[in-house]
């Protein structure tokens, strides 16, 4: 089947009014990725496929989001909302190019899996002309029923038109379809609008195809594959399902999640085997954690690379560009952004490291700050191998600290420090004996005078 050409038509023109949002519905996110992009990723998982995007409100934004993950796509605007078949025909120009297979999917079904779409395409390769993706919900009420006779799908009957006997059928229409390209335009053009709403319904092509003697069939997929998102509650439900899938996938691959339900991943999170993740950890986009790493509770990672046997947290934040080498450590209440942390280096507590390079085995004391921004530009801090930065030090970039250098606690470092040097950048302490007693007596007298005056 791999040599069969395919066009995937992604219907993404819905108004999404129930989302009550200025953002187009298909651009709302699950696991950090727009709904429509989840669908496109599933389509791409079936093999090589061109994508035709049918858009409406926010057309350019929708197209841009898809092209970020899929490269250039054809976009077609549905100027009037006259039904699902009408929406598909908005992509007539693309359909007419001639493809072996057509996939018709909805941009608001982010949980559809590539294997479900692949199963539909495989049916086409085996001789089917039209394949409808169906499912069996706990209660079929409200769904269109798939009517089968002799192993063939003969019609889709909506709930309000179904007989009492047909309403007993538990096999329901999931809305997604695959059809042989050579029949596509003829079937779509045969759909009429003789119904109460005067719309062109995609479901009608089943009866039309059956009437033409074509091979029409249905396949069953898990219920969650065809869940459509219409409001924020359903969006949250989809997020829950996606996260549970990801958690199970990772645990089965050798990752330990101590409290799985409290850990949240993004669409592209990569966690290698033998990583241990404690409760209440959040992964934003573009995070890769190598084998043997330990992520403590209440850590937040985004755009970060974590090396083998590294240790993060608790209460650590890794921002985009954080690159931690093997056995390095970023501890509690530390933030690392756009910085390379060398092998075995330690940033144990209460530090901000931004736009920096930390050498191997260096130790960054509590309260260390890389002062990287002057209000206009970012500057770099470079710390060599085996350096020691004393607590409560401020490193004012651009600045370079050499190998084995030692920075005294409380220093403000504004100039480069050579290798093996000791740098002190603070005012000398002055101690005045007995002065504290004098100050206490003075302030007590002032306070007493104020009380009398009241």
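Here the Cβ of each residue, glycine as well, is placed from N, Cα and C on the backbone.
Swiss-Prot has this to say about the protein:
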REGION    1-232  region 'Pyrophosphorylase'
BINDING   11-14, 25, 78, 83-84, 144, 158, 173, 230, 319, 337, 352, 363  UDP-N-acetyl-alpha-D-glucosamine binding site
BINDING   108, 230  Mg(2+) binding site
REGION    233-253  region 'Linker'
REGION    254-454  region 'N-acetyltransferase'
ACT_SITE  349  active site, proton acceptor
BINDING   366, 372, 373, 391, 409, 426  acetyl-CoA binding site
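Features per Swiss-Prot, on structure.
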| residue | record | DSSP (3 states) |
| --- | --- | --- |
| 11 | UDP-N-acetyl-alpha-D-glucosamine binding site | strand |
| 25 | UDP-N-acetyl-alpha-D-glucosamine binding site | helix |
| 83 | UDP-N-acetyl-alpha-D-glucosamine binding site | coil |
| 108 | Mg(2+) binding site | coil |
| 319 | UDP-N-acetyl-alpha-D-glucosamine binding site | coil |
| 349 | active site, proton acceptor | strand |
| 366 | acetyl-CoA binding site | coil |
| 409 | acetyl-CoA binding site | coil |
| 426 | acetyl-CoA binding site | coil |
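Long-range Cβ contacts of the region 'Linker' (233-253) within its own chain (Cβ-Cβ under 8 Å, at least 6 residues beyond either end) map to 19, 28, 30-31, 110-111, 224, 227, 260-261, 263-265, 269, 271, 273. Set side by side, the binding-site residues 352, 373 differ in how many other CB atoms lie within 10 angstroms of their CB, and the most is found at 352.
Around residue 108 (Mg(2+) binding site), a 10 Å sphere centred on its CB holds 24 further CB atoms from the protein chains shown. When the Cα atoms are compared, residue 108 (Mg(2+) binding site) and residue 352 (UDP-N-acetyl-alpha-D-glucosamine binding site) turn out to be 40 Å apart. Ranked by Cβ neighbours within 10 A across all protein chains shown, the binding-site residues 173, 230, 391, 409 are led by 173.
Taking every pair among 366, 372, 373, 391, 409, 426, the residues recorded as binding acetyl-CoA, the greatest CA to CA distance is 22 Å. Comparing residue 366 (acetyl-CoA binding site) with the residue listed as 'active site, proton acceptor', their Cα atoms are 5 Å apart once rounded. In the three-state DSSP classification, residue 144 (UDP-N-acetyl-alpha-D-glucosamine binding site) falls within coil. Closest to residue 352 (UDP-N-acetyl-alpha-D-glucosamine binding site) by Cα-Cα distance, out of the binding-site residues 230, 391, 426, is 391.
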